[in-house]
Structures are given as structure tokens and as C-alpha cells.
Amino acid sequence: MRSLWLLVFSFSVLTGTNMAFPMILSERPEVTGSFKVKDTSLTHLTVHRKTGEVFVGAINRVYKLSANLTETRSHQTGPVEDNAKCYPPPSVRACTQKLESTDNVNKLLLVDYAGNRLVACGSIWQGVCQFLRLEDLFKLGEPHHRKEHYLSGAKESDGMAGVVVGDDDGDLKKKKKGGSRLFIGAAIDGKSEYFPTLSSRKLVADEESVNMFSLVYQDEFVSSQIKIPSDTLSQYPAFDIYYVYGFSSRTYIYFLTLQLDTQLTQVDVTGEKFFTSKIVRMCSNDTEFYSYVEFPLGCTKDGVEYRLVQAAYKHRPGKILAQALGLSEDEDVLFVIFSQGQKNRANPPRETVLCLFTLHQINLAMRERIKSCYRGEGKLSLPWLLNKELPCINTPKQIGDDFCGLVLNQPLGGLMVIEGIPLFDDRTDGMASVAAYTYGDHSVVFVGTRSGHLKKIRVNGVPPPSENALLYETVTVVEGSPILRDMVFSPDYQYIYLLSDKQVSRLPVESCSQYSSCKTCLGSGDPHCGWCVLHNKCSRKEACEKWAEPLHFSTELKQCVDITVTPDNMSVTSVSTQLSVKVANVPNLSAGVTCVFEELTESPGEVLAEGQILCMSPSLRDVPSVTQGYGDKRVVKLSLKSKETGLKFITTDFVFYNCSVLQSCSSCVSSPFPCNWCKYRHICTNNVAECSFQEGRVSSAEGCPQILPSSDILVPAGIVRPITLRARNLPQPQSGQKNYECVFNIQGKVQRIPAVRFNSSCIQCQNTSYWYEGNEMGDLPVDFSIVWDGDFPIDKPSSMRALLYKCEAQRDSCGLCLKADSTFECGWCLADKKCLLKQHCPSAEHNWMHQGRRNIRCSHPRITKIRPLTGPKEGGTRVTIEGENLGLQVREITHVRVAGVRCNPAAAEYISAERIVCDMEESLMSSPPGGPVELCIGDCSAEYRTQSTQTYSFVMPSFSRVRPEKGPVSGGTRLTISGRHLDAGSAVTVFLAQEECLFVRRTVREIVCVTPPSASGSGPSSVKLFIDKAEITSDTRYIYTEDPNISTIEPNWSIINGSTSLTVTGTNLLTIQEPKVRAKYGGVETTNICSLVNDSVMTCLAPGIIYTKREAPESGVHPDEFGFILDHVSALLILNGTPFTYYPNPTFEPLGNAGILEVKPGSPIILKGKNLIPPAPGNIRLNYSVTIGETPCLLTVSESQLLCDSPDLTGEQRVMILVGGLEYSPGMLHIYSDSTLTLPAIIGIGAGGGVLLIAIIAVLIAYKRKTRDADRTLKRLQLQMDNLESRVALECKEAFAELQTDIQELTNDMDGVKIPFLEYRTYTMRVMFPGIEEHPVLKELDSPANVEKALRLFSQLLHNKMFLLTFIHTLEAQRSFSMRDRGNVASLLMAALQGRMEYATVVLKQLLADLIEKNLENRNHPKLLLRRTESVAEKMLTNWFTFLLHRFLKECAGEPLFMLYCAIKQQMEKGPIDAITGEARYSLSEDKLIRQQIDYKQLTLMCIPPEGEAGTEIPVKVLNCDTITQVKDKLLDAVYKGIPYSQRPQADDMDLEWRQGRLTRIILQDEDVTTKIESDWKRLNTLAHYQVTDGSLVALVQKQVSAYNIANSFTFTRSLSRYESLLRTSSSPDSLRSRAPMITPDQETGTKLWHLVKNHEHADQREGDRGSKMVSEIYLTRLLATKGTLQKFVDDLFETVFSTAHRGSALPLAIKYMFDFLDEQADKRQITDPDVRHTWKSNCLPLRFWVNVIKNPQFVFDIHKNSITDACLSVVAQTFMDSCSTSEHRLGKDSPSNKLLYAKDIPNYKSWVERYYRDISKMPSISDQDMDAYLVEQSRLHGNEFNTLSALSELYFYINKYKEEILTALDRDGYCRKHKLRHKLEQAINLMSGSS
């Protein structure tokens, strides 16, 4: 079998996860590069295996990125006009379905290395593919005209996979002929008649070849494809096969698929759907698909089945894994990720598992299945194929590994699931993508998750060994954003590229540098990482110097350097000591080491044998302060530094200790360091010389002086008594030392009492009494200590305390006194009726009761409180009785009766002396009376009997109403039950049917409880109460209703802080009492409130989330859970089907410097910030509120700033911004007025003015009348000036705001507009013969035979170069041969020679050479060459470029030109346009700018299109100042968007109806009987004139010719037609101002028409009007705003024209060829001035061709160009010309505005032009042969566009006119005489004249 090279590209990348080691969660920023998008979604990723360049597929885009993810190219693939029901697509055949702007979803992206191109397959036009050049993404082709070109129109981006197979056998001819093959599997979305599910296609070299994507083999019976039978789809409409991953291995092609399990899924469409995973295999050289085998695939872990394949990756195992599997290292394994179960393909469970399959295992299962089938066993068993029930046919056949099937027993399915080996499972993150590679002997698997993380897993074995898969690191890539399937390594395997919805990320495959120690490095489990010993770093071995030398690079934990120091501690008082350092596992240290004690000292180490090093500890002067502030010790790092590397390579702890810090004997002697306690000096020291035995040295805890533990020391307050304590080792005070003292701290007061030491083991505080203030506490814990010699404390147990107590405090009754702790020795003194010590009670023997006495009872019990006070007569009420002296034991309580009814005491609830709890028995009376509580203690004698003052009553509770009356089945409703006596009794239980309602609270009139879930579903339930033993019922019912449901949340996003408004729609919402919305993120739940609007709508404030990382990603984060708390409706707690996104909170920059900004009143304020408009879909935006001081301001919001009008305030005002519950204050505004006069100055001026005024008054009396008039004029002027100033400010501010907001809107409006290119013939005719629609060259020549013969003879002459040159030169020599004639002859010649372009080019070059020669001979400036059309050659050159640049216009330059035209048109129409003068609010031309303030308002009309029905209305934006014709034009533009102008109705053919109900229809016209006439001015009707309102319904209907219409429109049609002819001309004017139509009186009525502005030059313009006019130049700011809005489109056009790359298109050959010709001519004539060459090229191409096209886009597109668009295009064209000029532009304030407008841009454009010319000159020259071949091809394509005979007939006119001159010229030329050209011409003339 011939060798094959197999290139595999899969668009499914896998994911895995496992737990096993000390896993690292990497928080540091791992992503080393990223590429982000906002306006699209990314779908696929591939990396060039040689260059490392990254290619990314997206919706409507393909990007090319550098290896570090910098964008280098992008290619637009959509949107396009399409409809999924159009087959073939509308690009091939007109479709009856409505076309809509459709996104192109990239579904397949792979590199065809053999063809050196990128294959990008999308979803539009039934799934066509584009071939893009790898270098620049230039579109090489997009085959879309055959059925084989349509792969699948399904929209899902992850249902397609492909494998490329290419020939590599060295047979170049065969290779060129055959090319590569593409095996492609695709989900077909139910369209099996259109698309195969799996096929093998040809990839031929020519992208436009008819064979591209054709099936590798096809005859009438068999082909290289498999289709899903239509019967399968009719039975299971949801059936499809989704291709997850494709790859090749040896001679086979494999696909992993996910498909509907037809055996588990019910036929019923609404039933639950089950899916199964399968692996498909075919031979790579099988053209008939006989080898197709399909087997189920799955994995089981811990008894749980995983059947939903998510991603996969083929890999050759590392040595360790291969050995564990028993494989050789060149055999392939497959890592596969599955989700749990078989449901939810679109949103699979997060419980996932990473499994391993060997291809040996898979192939073995398939081979055995094939063998059994060929033995005739079983059936074909492919569930989704019609022949699944066909039996296998017994066919003797040797089945080996290379068997590729026969015509029978195929396609074949397996029934047994091939089970994978589970390696790692994950139950939270949800694994979604996987990739693997081998590093050293290890297999490393990288897994992307749905939570945006990357898991790194080392796979070295399989079960049963425990270390089968080790998760050693998790890296955050894009938090909350799922990692998509495509994960690809860089060619050198240093990086891995990951893809999410909005970002491509590049991460290093390892991050060894994050580990700072050998143990964490080698313990991480990362196989890339080892410890570089002398460099003290974790790295790959390649990054470690001398890694191959012994012990330089460690890879195992046991190889980590070990260090021990002897001794390992020293006192801060010790002198410098030699330390012995022992190190193990170190390389040769012969270069030397130094010993470093942190920042203290560094000294050389002496290296001895066997890893021993001697170091010196720091000297005494370096150490004293080392432990200061560190307590009794400080640990410092002792490090060894290698002199070889200059780095510390091992560090250990060394301790400096300080005994003197320890203040007690026990802490001193228990120290781990050699500290001794000197008890007579009361110090701790390590120096034994400082403390001899005579000084009481103690070295063990047993020898410490200490008080021994005992129980609490009880001290009765006020009683004088000694306190004796047991002790040990109490020292005898020496001479000069003070004796012992007891120190008590009572309520902050210190009490010192002398103590007596009896011996070393006993001490006594002498007789004294102790007291504490107040009786609030019965006992008070007191701090105490024993000290000697002043302040030397004796150690005592920390828990030991003294307790000071008073018997009478808080014990004011006999019962409470006798309850006291018996150790207090308190008793009740009957005489004093107090709780006292025995010695304080007189006649204690008789009067003092205490616990020691038997059978004591307290007399005179008293009841203070009973509860409850009411209860049912049925009993069961638990009554609580509180009081004093209520017995000491429960057995003393007898005879308890409540209102005469027995009540049984509950022993467990009894509190001695204070409380009795008893249970009521039933009253046997029908209406028992109430009464007090009675009880006895012991017996019922008078002194032991009591009765309560409160009375207990029997009541009959009842209820009559519940509210609310209904609630959800799941319960949770707070139910209020209303009635009487509902607070009776001690316990209440509420039942709804048989379920208990959870009690909340109750009062006398109501009970509140929370409803339980209904056990019987919806419907009414009975309500029943149990109060103690009483059962209460009623007829009242509570109704359970269906649980509420949530259908939509708008918007489905908020900001991190939440509190933005959400509108929630659903059902049954009114049954919920307190709805809340909830979110859970990072384990923290947050909620916010909702308000019910009606049963189907509620509004909520979004809950915020706690986001702890620095900043949320721009793409947003998704909460772990999002849902609603609707009572107990648990189904809505988590809404997994509603993805909710949290975007970063907006932030704002401080105002000005230090948060203060100075502004004038009314000035716009810019508040800059970030994240102001979240990148969420839809039109909902954040609601901002800005206040300045207390005053709100009007806002304009953009992505990075708020534009705010400051209010009319002055002084310091704080700015506050409110959004989503957040408040920001970016600072203070200092608003200052223009007044600069101080108060004294004003007073001074006022006083001086007063004196002056008195003098002036006397003078003015004489001139009273004149003064009054002057004063009135002055006031009027002042008023006008104020008015003018405010309007100027308003105008500037409007222009500024427009500039900020228009650009984005305009760009959005441009998206998806289809370009209406003219066909080739119309395009060339408009350039060659502008303004002539029906030219003779387009028609057949109807002429006699002799004329045709004469013209053919004339044609032969024209094809003689010398004749043609003589003919042209002779014509040009004639005075009467006008400029128009020259252009006409040039165009006729090009039309006649269209079929011989190579000959026309030769003639053109000669004519240009002659023109250059003539130019130089006449001593004209060389720069004037080709400047004007003064010769036939110049117009021929224009036509030549017109012919040859047509394809370039269509493929490249046409788009930015059309976008510029559309942008201008739309921007102009956003503001008022004067229908008469053509002037507009938005303009680039000063001459076409409305220089007045026009008040207008935007309206949205709902338009019913012609032949449209109700309900098909289209919203269209118009202005209320638009004339009716202007409105009709805008409506037609909207209705016929994307339709060429010539194919749609015109405004004049339509009437505009305003519909105000069913019957009222008003026809609106520019002029009718309602038209306003003032003086002799008549104003055109506008929408405002008719008072049309926003949202009005209008219709476009065919114009009806009626008497009404004639009467009302005759005058207007006649008077306006002359302006229409001027405004709608297709040619560009020489002078824009001269084009404006003059307003002349109507011939019949004498009135003049106007629309927005009256002509200022007209004689009757009243002078009084000037008062209301603004200085017109102020409106020039609008030019700048318009220019800014259109800048992007102008730049795009210029960049396309002046770029050799042309966004992917090659430079047209014609440009390079002609530029080289001009350079040759300059060289030939020794012209070295570069400016001359530059000018020739500029005059040749930009001036002759591009300027013409820019000014007249209607030459290229089927569009209408109005006068304002024409004026703007002329400004752009002039800028284009200026950019090509070499002369300097000197500009001043008097320069034309269009020159000033682009003054800053022109130098940049000039540099583009210079670079363009320079790049072209550097390109390799085009040979004449190559150019001729290209020209011949052009002639073949377009040779029949014009009628040659008709063109010749038109040219003959000039032969006839200048016959004598031409014949004479032929006579004079030697060549012409020799070849008798005169004779031949005369023959033609005679034949022609014969016809006449």
C-alpha cells in the first residue's frame, strides 16, 4: 500500500480533571498573551505547525494572529443576505424566501498544508467554505455554485469535524492532479436530502475549480458519502450526528460523534431525548465507504455511567504510560472527556470524567465485530440506517488489520459499548476540552473547563495503581467563561493556546518558577519541573546550567538538599562560635561557599570532606539587638551561598535565644533552651556563673516556688478571717529582703495584706475583711497573687481564683436563700427575714434555716404571674406559675387547681422555689367559669397555701377567614387566619388538609403560619386548628394553585454590584407574597427584592455578587446559581436555562487635579470612566443619574465617558453619580461666573457712576428724544448679542456631543448592507460615455452588406499599429478636434479593441511615449503630463484602467467606497436637508452647509410597504422638517434596503398615505391647498406642517391620477421639476455653489418656493431678519463634527487604495505594469527628479481613475447620488488629490474650508501614497508575456460586451469628417505608403459612400 501522509485537524479539543496530589491553584497571572473581541464570538482555533501563527474562526470573521496573539490580519466572512430555506443559496439562484442579514458562524477551520491555504467553513449559503491565503487571509476562492460545495447550513459551531489526507508519494504529476482529500463529518439539521452526514471530498489546487469539494468517488450506485435516511428523520425529527473530533491513525480515519439514541428515545417529539457517543472508523483510502464501522463508546466510574462525549485528543503515550498499558510508544491512545448520563446534549451536566482508550483496544473490538459479521453472525445493527435489521452474510474472507470492507456487510454497527479507563473525574467545574503531549517519559494532559480554568494532569498509569492520574495544577484562564474544544500547542510545545467565547489565551505549558523551594517544586507533581540546586530555582532541566552533571539537577523529593547545623541555637550573650554544617545531595562545592545569617553577617565557609562545612556564628557586637521585639527567641535563616553562582542554594533555621526576657520561674525552666531560674534574684539566665546554688539556682519545674492548686477560695464579704494556702519551695527572705504579701484587686482597688510564711509549703494571709460595692451580684471573682520582697510574684495556677460573696445579695426570699451553693454556708434568718451567715442571725439555733436541716420548708408562698390567662375547656393547656417560696422540691407541690380545674405539675419544667409548670385537665362543665390559681406547699395549712391575684378564663376559639385565599402548590405562603380568642391556650397547630402549617406567631385575633407543600396538588384544602386539646374547624378553604413559572428575564445581565432593574415575565406570579431574586457566586448567596406588577410581570433589582479578585473580566462572569426565591417554589431557585452575566462595575476617574474641576456655568462636563456600557447584547443600557449639588443634569453616555450639562449654578458643587446602587463622587466642580470685579470695586464704581450720572442727566435733558431712541437701539443690540452668544454656545456643544455619539451609531447602521455593483458593461459605459444611457455601441448595427464589409476593412486598418497611430495623431492635429471629440474617440477605440486588449495596450504605451516626448519638446513642465485630457492617450489610459481594475473594485476597493457613500448619505439624512437649495445640517462642504439653527425632531413612522399587508409595518426614522418627497425617499430606502436603485419604485411614482384609523386616509403632498404662502414665498409642506406624530402609521401606494391629484399637484410638479433635474444629475459639478438652483418666481403665480432657508441673496430678504441670524461661520464647527463621524470610512478607503496588500487581494497587474512603464520612460529621458515620477504616477492612476470613481460612485454601483452627497464626495476627492501632490500646502485662515478640514490628515495620507509607490517599485517586474496572457484572458472574459461594428461605425464619422487630412498623412508616412494603407482606406470609404 502506498505511503500516506495524514494531516489531521480537529475542531474539538478535549478536557479532563482529577484529584490526587497537593494540587496548586495558580492565582498569579499565568496568561502570557491574549486576544480579545467584543463584537463577535469566537468558535475555532488552529495553529500553523511550522510558523506557529494562530488562526481563529469567529462569527463573521477569521483572524490571523502572531504567535504572541497580536492581530496581524482579519477577514470578514459575513453577515450576508441569506435565508436558511434557500437552496441553492441566493448567491446562485434567486430565492422566493425573504432574505435577511445572516451571521456566518465558523464551523470548521483547518490548514491545508499541501495547498498552503486556510479552509474556513461557515453556516451561510448552506455551509460553503472559503479558501484563504495563509500569508494575508486574501480570499483565494469561495466555491458556492454546485451542490457539492454545500457542506451543511446548521448553525451550531461545534457539530463539524474534518480530517485532511494528502498524497506524499513523490509523483508530482499525480499529486498536482489529485491534490488532498478532506474527510468531513457534519451535523445536517434535518436536511438529509441536501447534505451527507459524512463524506470524502477533493481538495484541488485551483480554489475556483469545478472539482473543488467534489466527492472522491461517485457513480450511479455508490459514492464517497453516507446520508441519514429520510425515514429515520421522519420517525425521529431531532435525529442528527454531531461530530466532536476527527483524527487519523496509521491507515484509518476516525470520528468521535454524539447522536440521538433511537433505542432509548421515544418516537414522540415532546418526549425526553437520550444521546449516545460513538466512534466511527474508515480506511483512509476507501473511496466507496465500504469500511464504515461505528461502535458505542463510554466510561464508567464508581458505578456511574458517563455517555456524553465532550471532547477528545489523540496522543502517543510517554514511556511510563506505554509500559503501564503494555503498548509500544508509537501506538496511539485516545483521551476522551464524557459528561454524566445521556441527556442534555446542549447543556450537559458538569459531572465529567477523563477516560483513556487505546486504539489497539478499539481496532480489536471492530475487527472481531467484522469477523463475526463475515461469519454470518448477527445483523448490521446500525440503529439509524434503514438496513439495520439486515442479517450479516456469511462470506469466507481473511480479515486482517488492512481489511477495508466489501460491497456487502456494510455499513456495520457495534452493539457492545467500548469502555474506556477512567482516569479523573470532576463534579463541579465541568471539563470541556482536552489536549495532551509527552514530556520526557511522562504523558501530560491539559483540560479546559466550563468555569474558565485549565487543569494540568499527569497520566503515568492506569488503575489499579492509585497514582493513575495526578491533577497537579489548576490555572484560571477566563473566570466563568467556558473553554471551547479547540486547544492547540505551539509547534515547540512551550505554550498552549486556549479559546473561549471572547478571548484567545496563550499559557506556558509549565510554570515551574512559581515554586520557591525544592520540596514544593518536586512535590508539585509537574513533570516539567526539577530543582536546579546551585541556582536555587525550580525550572525545566534545559534551563539549568550543568544539569547533566551529578547532583546539579534534582527530579525526586529524596534528592532535595538536606542540611543540619550543630549547634542549632545560641544565646544572644554568647561570643562567636564555630558551627558545623552538614549538607547532603549537593554537587561539588570546590568553588567555595559563604555562610550568611540573614542581614546580620556573611562569612566564608570552610569546605571539608563528605559535605561538611565550618561556619562562624555572628560576633557578640553583631547580635545584641537581634531578639529585641521578638520575645525570648528569634529564628534567623542561615544560608549557604555558592561562590560558583553567587546564589544561596540551601537555607535552614538558626535560633538566637534570650533567657532574661522570661519573668517567671516556670516559664524559665520549661524553656527549650538552657535557661536557669535564680530564685533569690528573681531572674532567668543561661549563664550558670551568674546564679550559684547559694543564690537559689533552679533548673526544673519541681524546684520552682509555687502556690499549689486548690478549689476556689471562698471569702464572705465583711467577715474578718485569715486565708491559708498550700505551697512548695517558698524561699525564706534573706536579710534586706521584704516579707510576703497577699495582693487582691477588688473592683479596680488593690488591697495588700501581710502574709506569714509558716514553712516552705504553707503561707497565710493575715486576718482582715474584704468588701465589694453593690448587691447586683451574689458573688464576685477577684484577682489575687502572692508576692515577696516587694514585687516578686510566686507562681500560681492560672485557673486559681478567689470568690468574694454576700449571702443577702440577690437572695431576698427564703426559697432563693436556701437554693444557694451549700459551700457559701448561707441560711434564712427568720427573725430578720434575710439570708445571712449563721453568726449574723440572732438566736441562730432557732431562727436560722439552712440546707443541712431535714424537712425544711419555706412558708408563705406567693404567686406573682400566671400564663396563659385563657384556654379551652377541653384542657391540655400548659400553665406556667411564677412566684416565690414555691417549694424546694417538686414533690412538695400539691393541690394545684386553675379556675377550679385540676392541673398536674410537670417535674421536668419545675424550677425550685421560683416556677411551677402544670398541664390542665378537661373541665367537665359546659360553660366553666374562670377563677384564680390555688396551690399548697407540703400541706394546705394557711401559711403554706396561696392564691393568685390573676384569674384564668375558659374561652371558645373560632376562625372565619384566611388570607391570602390561594398560594402555590409548593407552599411557603404566609397564611393569616382571622378569628376570636386565637391566643388562648399554650400550643397551637394549624393543618391544611393533612399537612401542618408552620406556626409563626399569633394574637387574640389572628394566627400566622407558613403553608406546607400540597400533597394532593392544586385545588382547595380544608383548614383546621388544634389549640391544646381543642379542635376548631370552619367552612373556610385555602386554594392551592399551580406554582409560578419564569419565562424571561430582561435584561439577562447586571453589574457586579447588582441593583439594576430587571423585568421578569412568567405565570401565576401574584400568588407570591415576597418575591426575591437570588444569585450565588463563590459559595456566597446574595438576594434582592422584587415588586409584582401583575400576574405575569414583576420587576426586580438584580442581586450583586461578592467578587474577590482584583477586577472582573470585560466579558463578564457567570454566577454559579441564579434564580428566584418565590415562597417555597424550589424549582425556580436555580434557573440553569437562563444564563445570567455580571459585568464589571463602572468606575470613574477623579475630576481635574485633586478632584476639583473649574468650569463656567452651562459648560459641558466630561466624566471619564471605564465599563460604562457593558458589552451585553440588546439595546438595554445602565441607567445613570448625575447630580451637581442637588441638581440633576442631562446625560449623554458613551463607552468611556458621560457628557453632562452643568446647571446654572455657581460656587463649589459636589458631583454625584448613581448607577446600579453604586454612588461615586469623582470630585467637586468649581463653577465660576465671568464677573471679576470685587465688592469694593463694584461699590467704588457705583459711587463714581452716581456722581457722573448726576452730571450727565443735566446734559441729557436737552437731548431727551434722541437719547431715548439710542437707548432703545442699544438694548435691542444687547439682547441680540446675548441671544447670539447663547446660541453659539449651544451650537458648539451640540457639535461636540454629536461627534461623540454619531460614529458608533453610523458604524452599526452600515453593518450587513449588500453592495449593488453594476454589471461590467454598465460600469464601463458610465465611465467611457458619462450621461449617455443608450449608446450605439450597445446595439446591433442594422446596415447593408457593403457597409458591414467596409467597416470590417476599417477594422483591419485599425488593427495595424501604424495606421492607428497616424489616424490618432492626425485627428489631434486638427483645430476643430475638440476635447470632447478626443474623449469620444478614445472610448470608441477601447470599445472596438475590447477583444484585443493586448494590442490596445501596445498602442496605448506608444501614444503615451509620444505624449511624453511631445511634452518635453514643447518645454512644458514634466509634472503637467497626464494632468488634463488634452489627448486621446489620456482618455484611453482612463478607460484602460477602468477595464482592468473592475475585478479589484468588486473584490476589494468597492466595499470601502460603498461604505463611504452609505455613511455620507446616512449622516446627511440624520439632519435637515433643504429640498430646494440642497444645503444640509451635516456636510463636509462649506457651500452646502445650512448656516442657520433649524429646530427639528426625529420621528419613527410605521410604514406599510407597497402591496404590504397590515402587520408588515417597517419602522423608519424621519425628521419632522422633511418634505413629503424626502419622507418618501427615506421610506423607499428602508423598504427596499439592499435592492439596486434602478429596480425599485421612485418617489414620484408613489403617494404617501397617512392612516389615522380604519377609514381615515390622508394623502400627503409637497404642495396642496394647505400650503402656507407668506408674501411671495411658498413653503413646501413637511411632516410638521401636517402635524404627523411619532409612531404614526403611513403607507406607500401607487400614485393615482385623479382630478384631486391633478388639481393639487400640477403647480408643484411643474415648479419643482427644474430643481429635481439639477439635484438628481449623475455627473459631478465644476462648481458646487453654481449648482444651487436659484429661486425664481413661478411663471403663473409669481411665488417663490422655499423649504428650510430662503435664499439670502434674494432682493427681498428683509433686513430685520438679520437680528435673528447667527454669525454663519459659527456653523463651520459642524463640518468638523461631520468629518469626525466619517473619518473611519475615509481612512478605510484611502488605506485600501494606497496599500499593496489590499486586505488580501494581490496588487492588480495593470498598476504595476503601467508604473514600471512610466519609470522606464523617465529613465529613458534621464528624468531623475523623484517628484516628477511621483506626479506622473499620481496623474496616471489616482487622478485619472480613482478621483473619477470617488466623485461618481454611481459609475460603480446601482445607486442614486443627490447633490449634498455629491458635494461631500467632491471634498473627499479633493483631499485624495491633495494627498497625491508633492507640493507643500500652505494654509491660513483664508484657505478654503475643505483644505483646512483635512489639513492634519493630508501629511499622513501623503506618507501612505509615497509608501505605496515605493512598495510597487520594489515588487518584481511583470514580463510582457505574463501581461499579454493576462490581457488575453480579460479579452476572453469581456470581448463581447460591446458591438464592435457599431463602435467602428461611430469612429468612421471622424474618418469621414477629416478624410483629406488622414489620406494626406498616410501618403506622407513611408510605412503606410509601403503597405498601401491609403488605398485600403479609400476602398473602405468607397464602400461606405456606395451605401449612401
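Note: Cβ is positioned from N, Cα and C throughout, glycine not excepted.
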Of the residues Asn68, Asn1045, the one that Swiss-Prot lists under N-linked glycosylation site: Asn68
Disulfide-bonded cysteine for Cys518 as listed in Swiss-Prot, from Cys404, Cys560, Cys595, Cys615: Cys560
From Asn285, Asn1057, Asn1183, the one Swiss-Prot labels N-linked glycosylation site: Asn1183
Record Swiss-Prot, residue Cys95, disulfide partner from Cys86, Cys121: Cys86
Coiled coil range according to Swiss-Prot, out of 1262-1315, 1478-1531, 1748-1801: 1262-1315
Cα distance (Å, whole number) from Cys373 (disulfide bond) to Cys404 (disulfide bond): 14
Within 10 angstroms of Cys529 (disulfide bond), Cα basis - recorded positions out of Cys129, Cys283, Cys373, Cys560, Asn569, Cys595: none
Cys538 (disulfide bond) versus Asn1183 (N-linked glycosylation site) - Cα distance in angstrom: 51
Rounded distance in angstrom between the Cα atoms of Cys521 (disulfide bond) and Asn68 (N-linked glycosylation site): 27
When distances run from the Cα of Cys129 (disulfide bond) to each of the disulfide-bonded residues Cys355, Cys544, Cys595, the nearest one: Cys355
Among Cys392, Cys512, Asn569, which are recorded as recorded positions, the nearest neighbour of Cys86 (disulfide bond) by Cα: Cys392
Sparsest-packed of the listed disulfide-bonded residues (Cys373, Cys560) - C-beta count within 10 angstroms: Cys560
Local Cβ density at Cys95 (disulfide bond) - other Cβ atoms counted within 10 Å: 17
Asn569 (N-linked glycosylation site) versus Cys615 (disulfide bond) - Cα distance in angstrom: 13
Rounded inter-Cα distance in Å - Asn569 (N-linked glycosylation site), Cys560 (disulfide bond): 24
Candidate nearest Cys392 (disulfide bond) in space, where candidates are the disulfide-bonded residues Cys95, Cys518, Cys544, Cys560, Cys595 and distance is Cα-Cα: Cys95
Those residues of the chain, 6+ apart, with a Cβ under 8 Å from that of Cys121 (disulfide bond): Asn106, Lys107, Leu108, Leu109, Gly127, Val128, Cys129, Gln130, Leu151, Met160, Gly162
Closest of Asn68, Cys299, Cys355, Cys538 to Cys560 (disulfide bond), Cα positions, recorded positions only: Cys538
Distance [Cα-Cα, Å, rounded] between Cys532 (disulfide bond) and Cys538 (disulfide bond): 6
DSSP-derived helix, strand and coil totals, residue by residue, for the domain 'IPT/TIG 2' (957-1041): 0 helix, 55 strand, 30 coil
